[in-house]
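Here you go, one structure.
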Amino acid sequence: MQTYLLSQQFTGSFLAENSTACPENATICDGTSCVLPEDNFNATLSVVLSTVLTIMLALVMFSMGCNVELKNFLGHIKRPWGIFVGFLCQFGIMPLTAFLLSLAFNILPIQAVVVLIMGCCPGGTASNVIAYWVDGDMDLSISMTTCSTLLAMGMMPLCLFIYTKMWTDSDAIVLPYDSIGISLVALVIPVSFGIFVNHKWPSKAKMILKVGSIAGAILIVIIAVVGGILYKGSWIISPKLWIIGTIFPAAGYSLGFFLARIAGLSWDRCRTVSLETGMQNTQLCSTIVQLSFSPEQLELMFTFPLIYSIFQLLFALLILGGYRLYRRFHVKTKTDVEKTEQKEDSTSNAKVNGGFVSSE
């Protein structure tokens, strides 16, 4: 792993917060966080689970593609207003929010840099699964994830250059373009197959979608649990990063929703843009961090991507639960609408009772 050292201003701050005892076998310990040596079990587990999760993720994205109408998807590409709003949220709101949070909490320069890296990452694929469960616009969700991943190759260096210059030289941050490219391919190919299946065999696509949506929800939980197991030795970290990791995704969801609503998007698209904004590609952030910093620097912020991942999932589940409750008590289901239409058709010659619609 190639490492790039940041400026010497970091080294003087490493011992600023030294109040917690570390385990005896910790390879790095300054009190603020500890990194335990990776044993063979963890290394093997990481390889096996990475392979399994990659295959599962491809299958889930294939099933999500089965819910995408080719005509609607191309419509978003030809009239990209929703994609443009998502672009402003992804590479406008998130990096700015990361910058303001870093200033507000006065964290160490090395920690501010990792928060900014997270803010500059493109959207993650988990947003597509959650968007399905909240009745979002899946055509917009897939197109936003694809476009943000593609545009990240140019927007990430630009955003990092703008926002990190007060803490470090942006050239010290290594962007893994190969990982971004792999993420793009892993998204586009399965989704393309899913769109094709939906176009050719709509009935089969619906069955695949039902199975895939459940598998996707399970996969998101598995990834969170696996992350906690593999990085259990790095959980002692600055409380400020825990607080930022809590506020940051919540701010992304909220600001993304409000900007989409101000832009005049429909409610289902507002929910979609909100999820695409708040749910970041945390795996990409972890890769960038490991490539860019020395082991001594990693101890101060290595766990932040995992912290963000946990809270972005937690808030997404709260959004899902809130929406499901709202839909249950305040929104007519498709079946209710069909019953109402049939009732009106059967009594078309009857006297209208002041606009009252029977609940039967």
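For all residues, glycine too, the Cβ spot is worked out from N, Cα and C.
All annotation found in TrEMBL is predicted automatically rather than curated by experts.
Annotation comment: TrEMBL describes 337-346 as compositional bias 'Basic and acidic residues'. Here TrEMBL flags 347-360 as compositional bias 'Polar residues'. If you look up TrEMBL, you'll see 337-360 marked as region 'Disordered'. According to TrEMBL, the feature transmembrane segment maps to 43-63, 83-105, 112-134, 140-163, 175-196, 208-230, 242-263, 306-326.
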Below 8 angstroms Cβ to Cβ, which residues of this chain, lying six or more residues outside the transmembrane segment (175-196), approach it?
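For the transmembrane segment (175-196), the list is 54, 57-59, 61-68, 70, 73, 122, 125, 142, 145-146, 149-150, 152-153, 156-157, 160, 205, 208, 281, 283-284, 287-288, 291.
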Look at every Cβ pair spanning the transmembrane segment (140-163) and the transmembrane segment (83-105), keep those 6 or more apart in sequence, and say whether at least 3 of them are under 8 Å.
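Yes, the stretches contact each other.
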